[in-house]
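The region 'Disordered' annotation in Swiss-Prot covers 1-34, 459-493, 528-551, 886-912. Per Swiss-Prot, the feature compositional bias 'Polar residues' maps to 11-23, 470-491, 536-551, 900-909. Look at Swiss-Prot and you will find 459-469 tagged as compositional bias 'Low complexity'. Annotation comment: Swiss-Prot describes 886-899 as compositional bias 'Basic and acidic residues'. Taken from Swiss-Prot, the feature domain 'CBP/p300-type HAT' applies to 1094-1530, supported by sequence analysis. Per Swiss-Prot, acetyl-CoA binding site is recorded for Leu1217, Asp1218, Ser1219, Arg1236, Thr1237, Trp1292, and the stated evidence type is similarity to another entry. Taken from Swiss-Prot, the feature coiled coil applies to 1342-1365, 1630-1650, supported by sequence analysis. What Swiss-Prot records for Cys1417, Cys1420, Cys1441, Cys1444 is Zn(2+) 1 binding site. Here Swiss-Prot flags Cys1432, Cys1435, His1457, His1465 as Zn(2+) 2 binding site, drawing on sequence analysis.
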Amino acid sequence: MNVGQAAHLSGQMSGQAPQTNQVGGSGVGGADGLPQQMQDVVGLGGLDTQFLLMRNTMRDRIFEYIGRKQSSTDWRRRLPELAKRLEEILYRKFLNKADYLNMMRGPVEPQLQFAIKTLSAQNQQNQQNQQMPRQMASSSGYGTMIPTPGITQSATGNSRMPYVTDNTGLPSSGATMVPQGANTGSMSNGYQHLTTSVPLNSTTSSIPSTMGPVGIQRQVTHMIPTPGFNNQQNVPVNPDFSNGAGYFNGEPTVTSQMQQQKQFPSNQNSHQIQHIGGHSNSGMHSNMLENSSAYGLSDGHVNGGMGVHGSNMQLTNRSAASEAYINISTYGNSPKPVQQQFNQHPPQRIPTPVDISGSGNFYNTGSSALTAANNHSMGATNLPSRSRMNSMLHTNQLNMQSIQPQPQIKTEVLDQPEKMNFQSSQLTHEQLIRQQHSMQQHQMQPSSQFVQNQYHLNQQQPNSQHQQSILRSNSLKQPQLSSSHSMQLSEQGALPHTELISSQATEHADIPIYQGQYQQRSAHDNVKGGQVFGHLSSSQNFHSNASHDSQQLLPTNQQLDDSSNDVSYVLKGSQPEQMHQAQWRPQTMEKAPVTNDSSLEKQIQADLCQRTMSQDGAQQPFSSDWRLPGCTVTPADPALPKLPSGGLEQAAGNIYYFRQMKWLLLLFHAKSCLTPVGSCKFHRCFQVQELVKHFENCKRKDCSYRDCRRSRMVTEHYKACVDLQCPVCSNAKKLLQRSAELASKQKPPEPRKIAQQNTAQRIMNGVEGDIMDIDLVSDEIFDSQPSVPKRLKMQPVSPSTAEREVSMPSNAGLILQETHSELPDQNNKVGQLKMDVKIDPRPLQKPAKIGYGTDGNVPTARHNVAPGGSNEIKTHVKQEIMPIDKETSETAPEVKNEANDSTDITVSKSGKPKIKGVSMTELFTPEQIQEHINSLRLWVGQSKAKAEKNQLMGHNENENSCQLCKVEKLTFEPPPIYCSPCGARIKRNAPYYTVGTGDTRHFFCIPCYNESRGDTIEVEGQNFLKARFEKKRNDEETEEWWVQCDKCECWQHQICALFNGRRNDGGQAEYTCPNCYVEEVKRGLRMPLPQSAVLGAKDLPRTVLSDHIEDRLFKRLKQERQDRAAQERKSIEEVPGAEGLVVRVVSSVDKKLEVKPRFLEIFQEDNYPTEFPYKSKAVLLFQKIEGVEVCLFGMYVQEFGAECSYPNQRRVYLSYLDSVKYFRPEIRTVSGEALRTFVYHEILIGYLEYCKQRGFTSCYIWACPPLKGEDYILYCHPEIQKTPKSDKLREWYLSMLRKATKEEIVVELTNLYDHFFITMGECKAKVTASRLPYFDGDYWPGAAEDMINQLRQEEDDRKQQKKGKTKKIITKRALKAAGHTDLSGNASKDAMLMHKLGETIYPMKEDFIMVHLQYSCSHCCTLMVSGKRWVCHQCRSFYICDKCYDAEQQLEDRERHPSNSRDTHTLHPVDIVGLPKDTKDRDDILESEFFDTRQAFLSLCQGNHYQYDTLRRAKHSSMMVLYHLHNPTAPAFVTTCNVCCHDIETGQGWRCEVCPDFDLRKMLDLLVHASTCRSGSCQYPNCRKVKGLFRHGMQCKTRASGGCVLCKKMWYMLQLHARACRDSGCNVPRCRDLKEHLRRLQQQSDSRRRAAVNEMMRQRAAEVAANE
């Protein structure tokens, strides 16, 4: 529980202000003992993270400061404990956050000295107190004195109390959840009761651990409070059992001394610092709240706090014990049952030994707190939050009796040792060993210990008592141990004798029984902050139980038992990391018959309906207002689980949380309940359904509808909650998860019945031994089978037919186990139970999407869980939310994480993780499923012949055929392979040679291989031995992947099933085929997931550009549809239209284009830029086809803004555009063009309009169709889509541009050749290559570089007087004839380059389209962006800029416009307006590794076989592309571990499951570090190993190509690094070379494109010549 809540509840839930009457001035309810992540909590589940950070920082400072002083191993091992403990002292001193901050700002040393001094004093006092037992035991006179009015009474004359003030600073976790002063309010009779000021028995070790407090207890017990005066008693409390035992472990020693003159001190470890902040709680009265006896008896005798004969005990105030009673037996050994009562007075407490010792064990909520009806009574103490204790006077002659008798419930007094409930804990392995060692030290000693709380002081019959307390071995060996309360309750709100409220047994069957209760952590959580134990070997805190003979029952090996294997969930405010408390019942437990009656139903209804009332509204947010109409109001809910040990405030808070959780579950049930109205077994289900319908639509904050505001509050919190420790949300999720997990554990050969329709499934509620009711409706569990990997079609595994027995533990609930367990009835008689089971986890109507934030952790479940730990597993969070399938009748509200996702997983009935969205078909309706299956069998996209062939195969299906498409074997298109030297594509089935691995693999066509006459071949500067070459044939085929349905076990293609292998969880995810899915939907067993369950195109981030294009597109489509409707004389609804379109920008990144070196050399004197910055963008169009968003269109653009240098300033380059022919509907517009074409044109026009508005002046388009068999963006086009010729493609662009011209978006159209290579009309611009816009991937930059190299080679050959290998070089005479006057130096090279380039471009000049968005000057050809434009009205398309106009005015009239004419035309100025001064992009950067370049996206598609050649594949590929877009950090490819050669599954965090130490990301970070590290003794992990690999790489002769394993490993990491590295000056070895290699690959692609264009032009010229 948190600080804020502790103080709040302690006051408000008792009807009083929070009490701060505690020792040392410490505030109420500190949270310093909680785990760090649970400290300083304010509000409902909210964390004061700032305060938490401050405290953690202070701990670190203390740790560092002390660590510098000491360096021994033993000291450093204990240092974290000491640092935490010292910080807790400081926290006690500075409770306020502001004070704490001021303290932190100062030096740490003075504060540390104070903390150390306080801690030393506490340890010293602890040692002194160990010598006190005889003194205290002998001082009996004081206890009979009546305190004098007005005089504060002290328990002893000892002046040790000054330590009390200082030693309060170290409470244990949860310690501060109770007011540490016992004065919690005035008594009802007006008396001021005694106040027992107890120093928090936290971690101080200053509290007496032996007899001191015990003697005081007895004395105080006999004191009579004087009316009107405060009798205060300052008594230190033993810290060793502050974790929940709450009694003095020295007490049994005292008793033993008095009887046998023997003393066994309970704490010998004061020399060391123990129990640092890990205890559950420390307020002694809170200890008593949770227990009725020191060792777990529900109604055991509590005498003087520790078995002191004649001493009476008054229970403390329990402000939150609304569902829990403390069962107190009579004093002495009287077998009479305790009469119990409740009244409705505010609670208060009389100082009794309880206040000091808290001698009862802690029970979780409801364990000792047996539920009862309104009128149930309890002797002398009224613990519920709405009752007050009547002031009572007890002496050692009086038994406890009721002051206001009420109808009673007689409780069975368990005064025999064999009926005691001993509390144990789940132990970590280390703690078990240490505790066993401690136990072995004391097994040979007489153990009189804490069981004496149930004995008489004198133990007249020790032997018989010992024999009675011996645990039967069969009881110890039971995997399900019980600690039930054998109390029979009345029918009002109570369970019948066959269904007792008890705690689930611990999972540890063979743990020795230790004294009281102490804390531990769950085995799998022991790394988190929790209970810190001292050296158990030196402490005698842990003793065996009751007798000498019981020693033989203690096992020598404490082992963790996984028989229960239950998931325990966490309640905030309980033990750190929710230490599970288990109660052992040392009785023989046998199976008892259980009748199939409606008792469980009644209990569930009581759980969910009964809302306890409070006179103080602040006590329960869900008190009276949360009662459902007609629900019975009782003083205690009948089935609340036991509160973990935490005291009054903790008990109150957990009830507070628990009720919220139960209400939340009830809302879930009502929301998903499918039963007819009035027939649901929850008779108030209909009213809650009405409430749900109301508050889901209600927007009023002050709505007066019953429970509306509170219901909305809890559901909204659930939606937004990302706290894995939230006591409400996390528990609700885990309950539902556990419900499905329990269902999945049952694998009977036939459907079995677990109960009638009214039976409830009990689910573990987090603290071991606690249960909570979750309703499961009857249904069938199908036979399940071991999980089969989904990727490969393997031999089927037969389902398990092993019959499972259902165990009935002592819980009234039905916890499914594989073993029998015993259920004691009310008379402690036993019977045997064996029953068939049947579970119907009904599906959700609306599955929950729970977002946990990025890289966060979420609970999941799996099968292989380490023994002893709960099945709470942490899984790496992906970035896409997958809704949870609870497989129960509960449903969860839909929560959408606006950031990236996390993955919520539950366990399905088959035992596999049920991951939502593993198949897109889960979102389909049955009609959409049928539409999808019909579409599969049409083979849309294939040629008519292939489609008919596949359809024919479908008519002849066999058992190996896909159940959906009816075809057996389908293969992917093999990725294209290119020859490394020549760049030619290696044809299908052609032979080739290969060498190398990974990205360094090279391919050689047969001609290139044969041309090399030597023994080696040089490629990219590397020589490869021919002997190492491997000859292959390009005929490899990859078959489509398969997936098997977990229901019907039929096989389908993953593509047909729209199965996402990335969510397959390593082959463990459950998959339901479409056929079974439809059947389940028709039977009402499940509902289709909402469309938001799997993130789609609409969930991609929107940008200004995408919105602009979409707005224009939708407006134009609406107008087009209206025109068609008008033409056909129909309404607009009667004509089909394009629907489901989404435009998104998926990549928008800044890049730099480096100018090629040869070209730069020519213009270096002209200050030509070395690089051009630009922004690269990728735009995609999606359309929802048959329920799936299919990517139909994509384009890449380059934007060179105003900041870019000339000649690229304000220019845009449309670099690539691609589409596939699946657009729907396939109709034509009014103008006769295809609607598909209309849409694509509007996207381009919208983009040009957007560019013009931003201030760009021109757009450049190279209308170049792809090569046959190659793709630009989308991989593998359908056969029905023809690749256009260049003229068709050019006309396609020009028709679009003509539309844009009509809208005045485009002002001029020209081509690259006419604009730059010749001077036409009055153009006065210089013809030079420096004016050409320089774009990445364009035709001319690459061609110019090749030409420069060729010109240089020719020049070298001419100098050597050799004939040129190509045609003769252009002479200067020819250049002069062409008009070039300056032929000196680089100018001649420029002229020759332009001449040669012009000759190449001229035949295809129309393909290089120049689009002017602004007017260009007719003289200088500059695009005008400011000033005035001078226009000639007589001449068409003549405009000049201000600069040229000024120059024009300096000329003579005959030289002015128009030139070569006698006429003079007047120029009119036109202002250039509406053009922004810059081209700043308002959109944010959008990075996508997969869309960074079109080659990167192609590589993604090729490597994963994301093909678009058929509609079925296009749908699957688009689904996967969207998955990658929404999960950018998920690995793109399945990577192979270089150590074990196993695949590293995607989504596994780049980890190899076989090699646990291999983490790829860490290795890449290490690579960067090692490349710059110069330290010979670097401590960075594995730094020297990587350096050794570097040295090996320089010396190795074998190399990676030769098979060297070390070289392969290094190359693999270097390649991965180079892909992601953006640093041009990176120091990682070979990084630049690898980048250059990648650049060459892109250059090869560009070269192939140019070569194909040149070949096409050559063929065209040949055709023209032939026709002539």
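Cβ from N, Cα, C; glycine included.
Considering only the binding-site residues Ser1219, Trp1292, His1465, the residue whose Cα is spatially closest to the Cα of Cys1444 (Zn(2+) 1 binding site) is His1465. For the binding-site residues shown (Leu1217, Cys1417, Cys1420, Cys1441, Cys1444), fewest C-beta neighbours within 10 angstroms: Cys1420. Put simply, Cys1441 (Zn(2+) 1 binding site) is 16 Å from His1465 (Zn(2+) 2 binding site) when counted between their Cα atoms. Cys1432 (Zn(2+) 2 binding site) is surrounded by 17 other CB atoms, counting those within 10 A of its CB over all protein chains shown.
You'll find the Cα of Asp1218 (acetyl-CoA binding site) roughly 34 Å from the Cα of Cys1417 (Zn(2+) 1 binding site). For the coiled coil (1342-1365), the mean pLDDT of the prediction comes to 78. When Cα-Cα distances from Leu1217 (acetyl-CoA binding site) are compared across the binding-site residues Cys1420, Cys1432, Cys1435, His1457, the shortest belongs to Cys1420. Neighbour density around each Cβ, counted as other Cβ atoms within 10 Å, peaks among the binding-site residues Ser1219, Thr1237 at Ser1219.
Its own atom aside, the Cβ of Cys1435 (Zn(2+) 2 binding site) has 16 Cβ atoms within 10 angstroms in the protein chains shown. For Cys1441 (Zn(2+) 1 binding site) paired with Thr1237 (acetyl-CoA binding site), the C-alpha to C-alpha distance reads 37 Å. The local packing around Trp1292 (acetyl-CoA binding site), expressed as other Cβ atoms within 10 Å of its Cβ over all shown chains, amounts to 17. Using Cys1435 (Zn(2+) 2 binding site) as the reference Cα, a 10 A cut-off selects none from the binding-site residues Ser1219, Arg1236, Thr1237, Trp1292, Cys1417, Cys1420. Annotation for the binding-site residues Arg1236, His1457, His1465: lowest Cβ count within 10 Å of the residue's own Cβ, His1465.
The Cβ neighbour count for Asp1218 (acetyl-CoA binding site), using a 10 Å radius over every protein chain in view, is 21.
Rounded to a whole number, the C-alpha distance linking Arg1236 (acetyl-CoA binding site) with Cys1417 (Zn(2+) 1 binding site) is 37 angstrom. Neighbouring residues of the recorded acetyl-CoA site, listed in sequence order and excluding Leu1217, Asp1218, Ser1219, Arg1236, Thr1237, Trp1292, comprise Phe1193, Tyr1240 (Cβ within 8 Å of the Cβ centroid). Ranked by CA distance from Cys1432 (Zn(2+) 2 binding site), the binding-site residues Ser1219, Thr1237, Trp1292, Cys1417, Cys1420 have Cys1417 at the top as the closest. Closest to Cys1420 (Zn(2+) 1 binding site) in space, going by CA atoms and restricting to the binding-site residues Ser1219, Thr1237, Trp1292, His1457, is His1457.
Within 8 Å of the centroid of the Cβ atoms of Cys1432, Cys1435, His1457, His1465, where the record puts Zn(2+) 2, the same chain has further Cβ atoms from His1433, Gln1434, Phe1438, Pro1458, Thr1466, Leu1467. Counting only the Cα atoms, the space from Thr1237 (acetyl-CoA binding site) to Cys1417 (Zn(2+) 1 binding site) is about 34 angstrom. Taking the mean position of the Cβ atoms of Cys1417, Cys1420, Cys1441, Cys1444 as the Zn(2+) 1 site, the remaining residues of that chain whose Cβ falls within 8 Å of it are Ser1418, His1419, Cys1421, Thr1422, Met1424, Ile1440, Asp1442, Lys1443, Tyr1445. On a Cα basis, His1457 (Zn(2+) 2 binding site) lies 47 Å away from Ser1219 (acetyl-CoA binding site).
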